[in-house]
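Positions annotated as domain 'NADP-dependent oxidoreductase' by TrEMBL: 19-289. The active site, proton donor annotation in TrEMBL covers Y53. Per TrEMBL, the feature site 'Lowers pKa of active site Tyr' maps to K83. What TrEMBL records for H114 is substrate binding site.
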Amino acid sequence: MRSNQVINLNCGVKLPIFGFGTFAYQIDTNAIESAVHMAIKMGYRHFDTATIYGSEGAVGKALNDEFLNYRTLGREDIFLTSKVWGSDHHDPVSALKRTLRNMGMEYLDMYLVHWPFKLKPWACYPVPKESDFEETLDLESTWKGMEKCLELGLCRCIGVSNFSTKKLDSLLQFATIPPAVNQVEMHPMWRQKKLREYCEEHKVHVSAYSPLGGPGNAWGSTAVIESPIIKSIALKHNATPAQVALQWGLLKGSSVIAKSFNEDRLRENFGALDLKLDDEDCLEIEKLEEKKILRGEYFVNDTTSPYKTIQDLWDGEI
């Protein structure tokens, strides 16, 4: 079984660099459970979910089945991430306790603020209506709740997701405990150079979701894996375009969260750990035109959202 390497976070916890994502527009709990079992056998040890994904229960059930049936695998061998949704910013502690009940777990390894906006308490669905947004986000209050989760032992690390450098900088001004991770969309066509440099300077680890550009998702694109440059590099190394894109992310010092419930693609993705890209490959990838997928368009509107444009949401960093 291939080894899943780890990196040390600023809180001292070790994070497996290759993660398994569980977001899907159509929730199929059987498919998720089956995929988790397959992933465990292949060597995946980092599992990423979120309240809004609807996959927490299936992930928890599959992992607990593994712990029960295979005594060589324990809870301490798995790194488990979930995220607080915008409707729970007023009380992250209660939200995390609910997540733990859903998953049948005593603690998470990582708990993230999913997006930098606050929703009305009833807005528990992925695509908010205009009337669901609170006009302002009291991030300081939300972060105190996240720090309380850590203090209570409900999680081992806390972090954020989809935060620009400006929003991170604001958070670091008042955080008693800095975020360990910023999970953002990152791939060869959205390279996040400014954000990566800022996070490196401030010892915040960047974790890349949609490291293949999100093919198969309603908001995603096949531009990364269909890129002639990526395909040419894959051919050179007898690899696949997906493996090239994933290894590029790893070379940039990020962990990657790849999602597939298909056994062959799960194995293909994990094979990126064996690929070695050279300097010439990396220079070729830097030539790619950045085609950002503008993740977050659902959270922008002219009336109630605090973000009137996609540029507002990302603070001009797209």
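Cβ atoms are placed via backbone N, Cα and C, with glycine included.
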Give me the long-range Cβ neighbours of the residue listed as 'active site, proton donor': same chain, 6+ apart, Cβ under 8 Å, in sequence order.
T22, F23, A24, I27
Near the Cβ of K83 (site 'Lowers pKa of active site Tyr'), how many other Cβ atoms are there if near means within 10 Å?
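There are 27 of them.
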So if I draw a 10 Å sphere around the Cβ of H114 (substrate binding site), how many other Cβ atoms end up inside it?
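There are 21 of them.
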Calculate the distance in Å between the alpha carbons (Cα) of K83 (site 'Lowers pKa of active site Tyr') and the residue listed as 'substrate binding site', and round it to a whole number.
5
The domain 'NADP-dependent oxidoreductase' (19-289): mean pLDDT?
94
